[in-house]
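Engineer: Among the features that TrEMBL reports, compositional bias 'Polar residues' is placed at 126-145, 238-247. Taken from TrEMBL, the feature domain 'Peptidase S54 rhomboid' applies to 561-698. Look at TrEMBL and you will find 122-149, 228-251 tagged as region 'Disordered'. The transmembrane segment feature in TrEMBL is assigned to 310-333, 566-590, 602-621, 627-645, 657-677, 683-700, 712-735.
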């Protein structure tokens, strides 16, 4: 049962289900026609889409009589046959057009605002009164003269009064102006709107004279524009379809309904008219006539079968939020095209001010620095795998650190861990353990400033967890016993404990994006924007690469494992300009594609192309931080090209559409020659997007469509994607490529000397005292 269900749903997803092939294929053809009309140009005459709406938009209104009959089972149906006019009123309204996500969101906000503002009574204005579908049941005394004048017009009375058997006060007052009041039955026939409209001109004049209005109002045309009454039937007024002489055909009921109830139930003057935007309704209700007159809106080319672009809106929203949060947390880097030079006087471990210069590449996209982007999740190969070059540098630095010792200043101003060459012979003492001067437990590796297994309680150096005779393997001491505490620091004058009682002025600082470490002061580390570790004494006790990469810490400090950077970098951008390019591409290309394919298919193509492109980029340019959905965007371009090839016979100018897509592709390839944009991601993203499009898009094939040929094409494309991804995975982990000088020219063209400079920090120090 489950197996058959999965098999059936899978066949329907790929469009190879023989039971639904005819209907689903017709639906996909209609969608492709609409996409081709929006993106590729006009269709041929035999494939043209017929307009689904008339040239003038008409808003159908369901009569109140139909609503009343459906909701009132106690009202008997009218005898006799319906005429053509009455039958037209009972027609079903057309299917409503499916609203967009943004429109539904703004509608919800408009509803909340209208509900909050509904409690406040507003003064009735003339424009509000004219926009009502029905006339108000009563006019307030504070109404404007024009409104009161309209309320007393004979047309209004002729509309409202036939609904009731008993005359209201207003009708009796009007009747008194011309003579005695007529009986209710006679007056209801005399005031009937349909009868008045069909009566000859003399009879109509006599009727006005009987009502007492005389020459007060000749016609609507003799009144000013803002006083004219628009003669339209209220939605709650019943239509009198029987003749004046046939009393047997009258309907049952006809009891009076309270005016206050009708006023609240049918007050739709605040409705949103056709072509009026939701925002315009919230702020002044201005009519967007430019939208209402557009042929696309009037002809309604988009059908209800199109998908909603949920994935496009979601991924774009996430990308916008992440960039603004990144800028709020890390700020902007230096804007420009060359290296950013910075210099200053910094306090070093020699307790003197020295001139320190360093440089790092600028960011012309107006965004964060390269180190900050890596910390946020950019594509960076050293954070995703063990890098031989970086591990070699770390091993060399640890070999040098193994031969270091605590350099103590003779004036007791402090101490720092350094090599023998960096420790002065005159003003400092280099305390190094040796065979003739062994340390605790007979150790000859050391000493270390502020760290000794003899004075550490956690973790304690006891069997079988004794600290080895190698300072590069010593842990960080979390708790020191009383003999090594600062309170008793100056009580010990024994030379064996000098390295424990001196004030440590240097700690490890991780600098740059390659994880280099130096023992230096906090002022120096902050100046070069490094990561200062005050809790550690040696560089071997910290993982600088973990600090550079950020995000989730490595499971093992020596093995980088952040493989998820292949898809986290899709949501990052190098700056504001980069984000604008992404939004434009996704709005004009990805949104229409998702309307055709749906969220799942476009999501697989987008993420699959982006991940594969980033993996290829990590292979060929491993030491450059790259961000953005470059590979995913080229996957979308490949999908559009596949669609152009599929609808080629339908288009009037298919070559023009293909040249336009190829021009966009070429422009983005040229854009990939600048820093932060990756052409390897472009190339492999296009390849994966092309293969995934032929596999996932139903009823797309080479040549004439055939179901068996489509099944074979699906298997070939999916297996090709898996094989290509496995090959890239093997090149990244099994047979890694570290140095490829030629590969860098395809990814970044050095227009200037420092245009494609290394993203790492380059230090330059002057040793002269200041």
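In case you wondered, yes, glycine gets a Cβ from its N, Cα and C as well.
TrEMBL does not curate its annotations; it predicts them automatically.
Note that this is a predicted model, so its numbers are computed, not measured.
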Engineer: Is the transmembrane segment (602-621) close to the transmembrane segment (657-677), in the sense of at least 3 CB pairs under 8 angstroms with a sequence gap of 6 or more?
Structural biologist: no
Engineer: Which range wins on Cβ pairs under 8 Å with the transmembrane segment (566-590): 602-621, 627-645, 683-700, 712-735?
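Structural biologist: Counting Cβ pairs under 8 Å, the winner is 627-645.
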Engineer: Taking contact to mean three or more C-beta pairs under 8 angstroms, with sequence separation of 6 or more, is the transmembrane segment (712-735) in contact with the transmembrane segment (310-333)?
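Structural biologist: Contact between the transmembrane segment (310-333) and the transmembrane segment (712-735): absent, because fewer than 3 Cβ pairs are under 8 Å.
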Engineer: For the domain 'Peptidase S54 rhomboid' (561-698), what does DSSP give as the number of helix, strand and coil residues?
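Structural biologist: DSSP composition of the domain 'Peptidase S54 rhomboid' (561-698): 107 helix, 2 strand, 29 coil.
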Engineer: Should anything in the same chain at least six residues away from the transmembrane segment (627-645) have a Cβ under 8 Å from its Cβ atoms, list it; otherwise answer none.
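Structural biologist: 32, 35-36, 39-40, 319, 373, 378-379, 569-574, 578, 582, 585-586, 589-590, 593, 596-597, 602, 605-614, 616-617, 651, 654, 657-658, 661-662, 664-665, 668, 672, 676-678, 681-690, 692-694, 697, 700.
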Engineer: By Cβ distance under 8 Å, which residues at least 6 away from the ends of the transmembrane segment (310-333) in the same chain are close to it?
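Structural biologist: 101-102, 340, 362-363, 366-370, 372-373, 375-376, 571-573, 575-576, 579, 582-583, 586-587, 590-591, 594, 599, 602-603, 606, 629.
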